[in-house]
Number of protein chains: 2
Amino acid sequence: MSKNKLIYLFSEGNKSMKTLLGGKGANLAEMMSIGLPVPPGFTVTTEACNEYYSKGGTITQDLKSEIFKALSKIEEDTDKKFGDKLNPLLVSVRSGAVISMPGMMDTVLNLGLNDETVKGLSKKTDNERFALDSYRRFIQMFGDVVLKIEHHLFEKQLDQIKKRYNVTEDTELTIEALKELIDSYKQITKAETGREFPQEPKEQLLLAIQSVFDSWNNQRAKVYRDIHDIAHDLGTAVNIQAMVFGNMGEDSGTGVAFTRNPSNGEKEVYGEFLLNAQGEDVVAGIRTPKSIDQLEKDFPKAYKQFMEVSALLEKHYQDMQDIEFTVENKKLYLLQTRNGKRTAEAAVKIAVDMYNEKLITKKSALTRVEPNQIAHLLHPQIDLEQELKVLTKGLPASPGAATGELVFDSNEAEELSSQGKKVILVRPETTPDDIHGIVAAEGILTTRGGMTSHAAVVARGMGKPCVTGCDEARVDLDNQELKVNDKIIQKGEIVSIDGSTGNLIMGSVKLTDPGLNEECQKLLKWADEIESVGVRANADTPEDAKKAREFGATGIGLCRTEHMFMGTERLPKIQEMIISDSEIEREEALEKLLPYQEQDFYEILKAMDGYPTTIRLLDPPLHEFLPNVHSVKKDLDKLINQYGENSHQVEQQRQLLNKVRSLEESNPMLGFRGCRLGILYPEIYIMQAKAIARAAKTLVDEGYTPKPEIMIPLVGHDKELVILKEMIEDVIEKHTRSEHEQKLYHIGTMLELPRACVTADEIAEHAEFFSFGTNDLTQTALGYSRDDAEGKFLAHYMQNEIIPENPFMTIDQKGVGELITTAVDKASRTKPGIKLGVCGEHGGDSQSIEFFYKVGLNYVSCSPFRVPVARLSAAQAALKLQEE
Amino acid sequence: MSKNKLIYLFSEGNKSMKTLLGGKGANLAEMMSIGLPVPPGFTVTTEACNEYYSKGGTITQDLKSEIFKALSKIEEDTDKKFGDKLNPLLVSVRSGAVISMPGMMDTVLNLGLNDETVKGLSKKTDNERFALDSYRRFIQMFGDVVLKIEHHLFEKQLDQIKKRYNVTEDTELTIEALKELIDSYKQITKAETGREFPQEPKEQLLLAIQSVFDSWNNQRAKVYRDIHDIAHDLGTAVNIQAMVFGNMGEDSGTGVAFTRNPSNGEKEVYGEFLLNAQGEDVVAGIRTPKSIDQLEKDFPKAYKQFMEVSALLEKHYQDMQDIEFTVENKKLYLLQTRNGKRTAEAAVKIAVDMYNEKLITKKSALTRVEPNQIAHLLHPQIDLEQELKVLTKGLPASPGAATGELVFDSNEAEELSSQGKKVILVRPETTPDDIHGIVAAEGILTTRGGMTSHAAVVARGMGKPCVTGCDEARVDLDNQELKVNDKIIQKGEIVSIDGSTGNLIMGSVKLTDPGLNEECQKLLKWADEIESVGVRANADTPEDAKKAREFGATGIGLCRTEHMFMGTERLPKIQEMIISDSEIEREEALEKLLPYQEQDFYEILKAMDGYPTTIRLLDPPLHEFLPNVHSVKKDLDKLINQYGENSHQVEQQRQLLNKVRSLEESNPMLGFRGCRLGILYPEIYIMQAKAIARAAKTLVDEGYTPKPEIMIPLVGHDKELVILKEMIEDVIEKHTRSEHEQKLYHIGTMLELPRACVTADEIAEHAEFFSFGTNDLTQTALGYSRDDAEGKFLAHYMQNEIIPENPFMTIDQKGVGELITTAVDKASRTKPGIKLGVCGEHGGDSQSIEFFYKVGLNYVSCSPFRVPVARLSAAQAALKLQEE
């Protein structure tokens, strides 16, 4: 016998019981408890689901009897009887996971209908058309979801019958047509499953529940959980609820509404409504719905009630709600409420507005926005200064703009994307089976469906541009083309979409540099008020430095100097340096680079006036500045043909070839780079130090306060740092005129080798700061060459949960994190209060930022566009830790 | 004022004061204290040397006055007076470091002579020839060592005068000739230094002492210390001692003797003696000396006395002694004693003999042999079954055989060796300036000099074959050829030398597999009795496995399976597997490899009957089994020419090219290899496990006890191990018939990634053993690609003491060692008593073994030839730790 209570009536639960009842179940119970019109029902718990799995996928006798006991309670409340020929109770069976997974799980409506009860329903409601419509819906959904019959078989039949009866909408189907449809559906069922459509309502119910349980582990649900980092062992609850009918005729309907606009956050009830329809018609985007405002005209009483409910629920939940409702014969029923998904822009506005409305606290507001959503705000927008070839306009379902080649198939989208191509996925409508295509595409366009259709919801979640309901366009899958009025666009042609306006545009478009709006700036200012890690930016150019300041970076955490050698004027000079055989020749070549470096440093330090700027001295192996062996050899052959074996030109090229060969490495990642270069070719670092010192001197003269932090890369042994630090200090001393000026400088090192971490106590003696180079530290600690791993085995490792996530995106806490913790401990023992930062890509990742804050780093540094994300992440990390 | 006593008379010291007085000074004092005939003198301490350096290289007034005070004490004892024109005291000035550094430091004899005192000496001894000979020696040595005049200038003059006077030996020079020589030496001095030869004895003395101090930091001394791991800050003492003269005529002489034979360890006084000569004549090998036995005939009384002294000193020091002595007018004087350097063979024999003679304990015997000497014993010897073109025979100065191209210059030897060539260095005689040439050469041959000449001593120390005194051969440096009787051998020709017989052989020779002699086996058995780390071998073939057992390995610590894929029959099959596109094709190809692997495992496990055998599953990246892109492309072009674009052959080759390209990696060291292969291509590891299981099953049937330990390489995440372990266990289960049989197997992993070390607690849950792969762990922890580092910066790093030693030879204790310690701690916490080993190259390195023992590993594994070394190292590590 099971010890736990496996079933809760809605009247027994409340919103705090999410883990047990799932989000949907808990909220249905809560709504019922505060007196809202919720049809009666009960929830089978997530524990029951897990028990189901632990029993190898069988529903126990105990559970069965609990289910039927609860069912009889609904019968009492509704005064109907499940399976009764005269007064049949129909129920919906819906999944309800702890964390909302829209479109991922399965739903069956109108359950309890069979050849007998349909007649009873018809008589009882005096609406044969309605009863038959419900029955055909039931067979189709049950057939698809429970019996796993391909749903296009039903669709085809529906289309044929609509053609035969010469109607376009489902609602126009006559009784006769519906009867024919039901018969053909039953035939399909028999042909596909080898047995009659199950007529016994209790069997239907158990099969449906089992099917919901099973759907927890179907492929699309798993993919969704992987993408959204949801644990796979939470399980799903199942909600069984008395049906109310939106398809009972023209005084019925069904809808979905948000208490605020989910696209821009405006304070207005925002939703969609379909007359004479059931819920799935809205979600699947089969018909394009009416705006919620029209409800007022159609059902003024229900509309007024819904507005009140909407305000009540938002206040009750202290968050914007996403509400499903049905109007049955003008009477309002609530079928679901949950915190509504929203765009980044909306999330920010709602959070700030709710604080202003005194609905929530500042701290609470800060937790209302996912840091990654801030990144979406910085999505490029279409530059309005250009002429756009707008083909047509759909609904602006998810903001941002995207350009790519047209593709009509999700598999193909994935395939092309893996080849590095940008694609726009176009579908009549999307289903959860398209999830991988949506992930792969730059943007999504559907010709059908509304703002709450599958495509719209999923794309908003991912921050991808999306246009839906683009009904002037028609997808021709056979010919792989998109017809817009009389224009035909072929697969592979380049189009753009603007998810903020709904435009479909021919060709590619110019995008604007995005910025942060006022609300977002306010929210980030609140974030900065929370004591946490500082946020700096990785910036290699004066432009980046300015951008970094604009986005609120309080310094540069990583300025890579090698990029400064890459310009067309500069590259030949660094090459000259590399090819030189003597120190003197190298110094001469470097002397030519000095003015460029000095100018760069001048501008960067000026942009960061008063803020620390960490400049990393030359890091990559020298061969990165030279052409590869093959191209040098090819050129050599050409020169021999042109000038003869013994010419000066050939001699020079041969010298280059020898140099390129001598610099080849079998594992450049672990090779002759970083401070190893500085030790063997001190003249390089001396030139760089000189450029920094001269730039700083000029700035001081001009009244600025440059704060250069000179960072020596790839230190593994303290003596490396000792030697180079002394060398650099000599240069600085020569270029400064006072102790005050010298104090502007700091010299430190990047910790990016495991050895550096475990000997951080020794290295700290000679360093004024440490910055963890988590990219390389991840490569060395895990023994993963990023280039090789991502192409060869990393995807397999993540899919098979050998590693929890991509360690190059989110810090590997157990491995790399342990080395960082060790280093922090050891360094602090030698030099308490030593400044500690991180400048790998992880510096912009929320989860990683939380870790860095916990181990006590002073700042993180990331790309300028991630700075706002990091500022919010840092605040959330601190708030979370305060709570714990 | 200096607080320390900076000078000790010999009568004030004893052998325990080595650190202060240096080895030579302490032993002179000790000999004096036990009543042996030592000429009086005193020692300037190593502290004085360090004070000299701390004062920037000046001798303080305090030290000067102490020196002259001590000198007056010698004057008293000898009844002579320093600088006195009638009865002059002459002294030797010799360096004396704490650890003996033969030939590295400078010596000046006959100091105190000048144009006046030489006359007094002449009169007083009534031996003008002797006095003049001493004076010319003094000017030459002082000129060379103190005044830094190139010594070949003196040599040339000596040769010219010998020619002019038509004599061959120095001893044949007449008074007239000597006077001429002295004049020309003084002229050389003036020409080279711009001043007269210093005539003031006190100035001579101070300059000489300063010069000894300075010589501590000359290039050759530094190199010697680097090679022998001697600290650079020990400093040297200086010994000032009254001269006794071996060059006083035919009843005088000088010699060097060992209390036992330093070449084979036989218990017999073994030495050399030169009549009418001074010490440096013997050491420099200028004349070929007489055997010590002849002393008996020439000076029977002194001989008898020397034999007694020899026995006494050996007993007193409980070790074989290397004694310098001089006979002046038939009277014996002792000038030095020290523990004698010896060959590996001698070291072992002496240790075992002395234990048998009850002179030392077993434990003491074990510390008498440097573990690396054992490796020398395993030096290949010339196979006597072949016909040898023996050109001539010299003295067997250091055992072992070597083949290489003839080279006459040390710089050239170094140059060629760095190009990977093997060279035999041939010199008339070697000096400390040749040290880098000796390091670089495979073997050394000198035409002059004896068993105690510079070449002989240094070569023995390094375990390099050496032949000296090969006087039938003549080196012609001008023509760069070696003349042996009428045969001329040019630079670059291939010769061989046999240091065990003294043979010089034309061409290359076949070598025998060396073994361990009886004494060595006995010593190693004693070593095994000491509780310490076990010693296993790295062995990939049945032959290696047998060799491993022969050398006393108690298991195989690493059997690399990839080498088994490399045979000409096998390689095509693994290539077939790699090129296959489907799992089924791969399985078919692997099926063909199975019998080979099974046979290999059968034989290896049989050879190791009853001993554990750690088999590492496939580790290297697959591209290592394929030809490289360029050669595949070349072949493709050929095939296109031959068969046309669309032929089957071209299609196949194109497929190969694609595969080779797809497997290319930017950092193969950090790429798709190790268990990552096993995870993505499970069929490979399944085949290997099957081969092991089938081999073991057969052996069990045959009555053997195979103990396979299956090792999974490159694990970084515990789940990798979980997945692969389960897979392998399935295979084993299928091939075993009882629990007893299953218990023969163990499954573990190699720890070779920093992440594996810091998460060893998690990994240990699933592993039955760990083996540290210190090669790869060093690469990842330090971020050094071994191939790249050794070619590019490692040498510079070691020379500049950025790293203390090559981390691929001796474990980097602070970095890699710290990770190992962490892993041991964590693993033991999860699974106390988990079996821990090491199988990198460090497993055969003495210093590393001591570390591994300290951190608690159970065994080390190294190449079969290093096994005896490791056994002794292990014992010594344990003894050392017991002492501490």
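Every residue gets a Cβ built from N, Cα and C, even glycine.
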Looking at TrEMBL, A:ARG560, A:GLU752, A:GLY773, A:THR774, A:ASN775, A:ASP776 are annotated for substrate. Which of A:ARG536, A:ARG586, A:ARG616, A:ARG829 sits in that same site?
A:ARG616
If I take every residue in the domain 'Pyruvate phosphate dikinase AMP/ATP-binding' (A:61-292) and average their pLDDT values, what number comes out?
90
Once A:ARG560, A:ARG616, A:GLU752, A:GLY773, A:THR774, A:ASN775, A:ASP776 are set aside, which residues in the chain still have Cβ within 8 Å of the Cβ centroid of the substrate site?
A:LEU558, A:ASP619, A:PRO713, A:MET750, A:SER771, A:PHE772, A:LEU777, A:CYS839, A:GLY840
Just name the winner among A:GLU752, A:ASP776 (the binding-site residues) by count of other CB atoms within 10 A of its CB.
A:GLU752
DSSP residue counts for the domain 'PEP-utilising enzyme mobile' (A:421-502), split into helix, strand and coil:
18 helix, 29 strand, 35 coil
Per 10 Å Cβ neighbour count, which of the binding-site residues A:THR774, A:ASN775 ranks highest?
A:THR774
Ranking A:61-292, A:421-502, A:519-877 by Cβ pairs under 8 Å to the domain 'Pyruvate phosphate dikinase AMP/ATP-binding' (A:304-358), which is first?
A:61-292
Three or more CB pairs closer than 8 Å, sequence separation of 6 or more: does that hold for the domain 'PEP-utilising enzyme mobile' (A:421-502) against the domain 'PEP-utilising enzyme C-terminal' (A:519-877)?
no
Of A:HIS454, A:ARG560, A:ARG616, A:GLY773, A:CYS839 (the recorded positions), the residue whose Cβ has the fewest other Cβ atoms within 10 Å:
A:ARG560
What recorded positions among A:HIS454, A:ARG560, A:ARG616, A:GLY773 are found with a C-alpha within 10 angstroms of that of A:CYS839 (active site, proton donor)?
A:GLY773
Return only the integer: C-alpha distance in Å from A:ARG616 (substrate binding site) to A:HIS454 (active site, tele-phosphohistidine intermediate).
47
Of the residues in the domain 'Pyruvate phosphate dikinase AMP/ATP-binding' (A:304-358), how many are helix, strand and coil by DSSP?
27 helix, 17 strand, 11 coil
Can you give the largest Cα to Cα distance in Å, as a whole number, for the residues A:ARG560, A:ARG616, A:GLU752, A:GLY773, A:THR774, A:ASN775, A:ASP776 that bind substrate in the record?
15
Quick one: pull the CA-CA distance for A:GLY773 (substrate binding site) versus A:HIS454 (active site, tele-phosphohistidine intermediate), whole Å only.
41
Tell me the coarse DSSP state (helix, strand, coil) of A:CYS839 (active site, proton donor).
coil
What Cα-Cα separation, expressed in whole Å, is found between A:HIS454 (active site, tele-phosphohistidine intermediate) and A:THR774 (substrate binding site)?
38
